[in-house]
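Some notes on the structure that comes next.
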Amino acid sequence: MLCVNVELQERRYPILIGSGLLQDERSYPIKRGGRVMIVTNPTVAQFYLDTVIYALEKRGCVVDHVLLPDGEKYKTLESLNLIFTALLQGNHGRDTTIIALGGGVIGDVAGFAAASYQRGVRLIQIPTTLLSQVDSSVGGKTAVNHELGKNMIGAFYQPSMVIIDTLTLNTLPKREVNAGLAEVIKYGAILDYEFFEWLEQHIDELVALNPEALQHCISRCCQIKADVVARDETEKGDRALLNLGHTFGHAIETHLGYGNWLHGEAVSTGMMMAAALSEELGDISIADVSRLEKLLARANLPTVSPDTMQPEDYLPHMMRDKKVLSGKLRLVLLKSLGQAYVANDTAHTLVLNAIRRCTQTD
C-alpha cells in the first residue's frame, strides 16, 4: 500500500492506494458505533457495496446506504436531495460519516451533501473509476450541474481521507478507463514533463490495466494534485492549471447533454483545442502538439470536436465558465509540454481558429 498525504494549511489527510483495501476493515478509521451513510449507484453497488458494508460492520459501525441513479445527467439538485432525505429519515446527526463509493458523479454529489448537511459532516471518498482516482476525489471540489453549465452549484469541502483500491478498475468498462487516462495525460502536459515521457513509454500498459503501471500512475497523479492543492486549496492561483482542456470540454458536455460524451473524452478534445491555441500564440511547438495528439489517440481518446457541434457553438458555453472574470475568457494553455499557464482575455477569433483546427472533416 502507498500513502500520499494532502498537506493543507490547517490539517492534512491521507490518500491510501493499494489492492484489496475495500475489504480490509483497517482502511476505515471510524469508531465503534459510528454512523455511516454510503452513497453509491446500482452499477457500483452490485460489485462493492456489500464488501464495504461488511468491513464497516466488522468495525462495529452502523451502516445505511442510498442509491443514486447512475450517470452524469443525474448530477443534479434532485440527486442531492435524495441523500438529504435518506440522512434525515435515518436520523443521522453531525457525527455521521458520508462515504462516497463510486466515480466522479457520486464523489461530487456526495461531497456536496457532506459539505451541506447540518453545515458539514465527515466525508470519505472511495473512488472506483480511474478518472475519479487520479482527479476528482482529491482536492475537495464538490458540485452538481445546472442545465446551463457544469459544476455551477457546489463548494470546496475536503474529505477526511481517500481510499483508492486499484482492484475496482477490473470491473470498469474500457471506455471509462480510457476517459480516465485523459486526466492522467493532463498532469504530464501541465506540470511534469518526465511523467509525460513515462506515459509515452507505458500508455499501452495502462490501457491494459497492468497493476504495477497503474499503481505508479495513480500515485504520481495524486502526488501532483496534492502538491497543487496544498499551494492553492480554493483555486486562486496554480490550481487553475489543472483545468487544461476543461473550458472547451465543459462546452462539449453541456452542448451535447451531460453523459453523451464522458468527461474525460470531452477533456481530451479540449486539451487538443488548448494545444492548438497555444501553438497559434507561438508557445508550444507543432511537434509537441503532435506528441500530445498521438498519446491521446493511443489511449483511444477523441482529439476532434463532435460532428454535431460547430465552432460557433462553443463560445456561449465557454463564457459561462467559472474562470471567466469581468466578462473576459481565461484559458489554461501550454508554454511547452510540462509547463502550463493561464491566458487572460484571449481573442475570440483565435479561440475559434483553434476549435476549427480540431473540427472533423470528411
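Every residue, even glycine, has its Cβ placed from backbone N, Cα and C.
The structure displayed is predicted, hence computed values, not measured ones.
Binding of Zn(2+) is attributed by Swiss-Prot to His246, His263, and the same site annotation extends, among Glu147, Glu183, Glu194, Glu197, to Glu183. Of the candidate binding-site residues, Glu183, His246, His263, the one lying closest to Gly107 (NAD(+) binding site) when CA atoms are compared is His263. According to DSSP, Asp70 (NAD(+) binding site) is assigned to coil rather than to any helix or strand. Spatial neighbours are here defined as Cα atoms within 10 angstroms of one another, and by that definition the neighbours of Gly104 (NAD(+) binding site) among the binding-site residues Glu183, His246, His263 are His263. Ranked by Cα separation from Lys73 (NAD(+) binding site), the binding-site residues Glu183, His246, His263 are led by His263. Taking Asp70, Thr129, Thr168, Thr171 as the binding-site residues under consideration, the smallest Cα distance to Glu183 (Zn(2+) binding site) is found for Thr129. For the binding-site residues Asp70, Glu183, counting C-beta atoms within 10 A of each C-beta gives the highest total at Glu183. Within 8 A of the CB centroid of the Zn(2+) site residues Glu183, His246, His263, the other residues of that chain are Leu131, Asp135, Ser136, Ala182, Lys186, Gly245, Gly249, Gly264, Ala266, Val267, Gly270.
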